[in-house]
Amino acid sequence: MLTLLEIARLLRRAKVTQGPAEVSPELRGWAYDRQPVKPPAYLGLALSDFAYGYCPTGRSLYLKYVLGERPQPTKPLAEGQALHAVLFKALEDFRRYVYSGAPMSPPGEGMPEDLRAKAEALYRYIAVRLTGEYQYVLASRLARSRDAAAFYAAPIAAQIAVDGAPLGLSYVVADGVALGAVVEFKFGPSQNVDVALAGYAMAIEAEYGVPIDYGIHVQIAVDGQVEYRASAYVLGDAPRAKFLEARDEAIDVVASARDPGPAPQCPKTCPYYSVCRS
């Protein structure tokens, strides 16, 4: 989705406008053996269940982890999951195209009929962008090999999974990593993205012991045509501290089996809406 040049520009702009990344040693993910990174308990929570702050009171955590309620599928969530799968398929198919010459073909089987048009539009958009960039860097001699040209066109290593246990989490799957930055794609409403990105960064730091100082949020809209907006964040002390605060509050709700009660207003897209309001 994002080319090497785009990501480099995003990170450069973040450094200029937000300043250099300054992270206290005690807030690195690899400091998981001591406070404040060390969790109060090891419950294996999913990062996405709390980091974005979609549930103002955290009652969704109580319903899921204490009462064992299962989330109910909603149309926005199903659409987001389907379009994520299309995006990752396009990235994988692009590499097959580069190394084996296999044609890139939009998803067909298994795609709900009401999402087929959006899925095909997204896939074709990504395919045209990536193959066009790939052919350009080869023709212009910016890259001297297929491997280098593929990196220019698609530098994101997709779906990076790490063990979140050192942070008290379950397995953490970041949408991608590129040029030392963690990348997340969103197709629906999003909030607290810098906090969530900090969480992904710290989980990767805990696993590999390498610093992740920047995060990139890509908001994608698919409605007849594809539009996206990418923003880069410096993952300094502030978002890391907010992430740890949110994690500790989530652990407290689950460990204490405390029902925080429903929020005054809940989005109907919440997968626990019907259970919470019943």
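Glycine is treated like the rest: Cβ placed from N, Cα and C.
Straight from Swiss-Prot, the features:
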{"type": "BINDING", "residues": "Cys55, Cys266, Cys270, Cys276", "note": "[4Fe-4S] cluster binding site"}
Same-chain, non-site residues whose Cβ lies within 8 A of the Cys55, Cys266, Cys270, Cys276 Cβ center for [4Fe-4S] cluster are Tyr54, Arg59, Ser60, Pro262, Ala263, Pro267, Tyr272, Tyr273, Arg277
In all the protein chains shown, the tally of other Cβ atoms within 10 Å of the Cβ of Cys55 ([4Fe-4S] cluster binding site) is 22
Cys276 ([4Fe-4S] cluster binding site) falls, by DSSP collapsed to helix, strand or coil, into helix
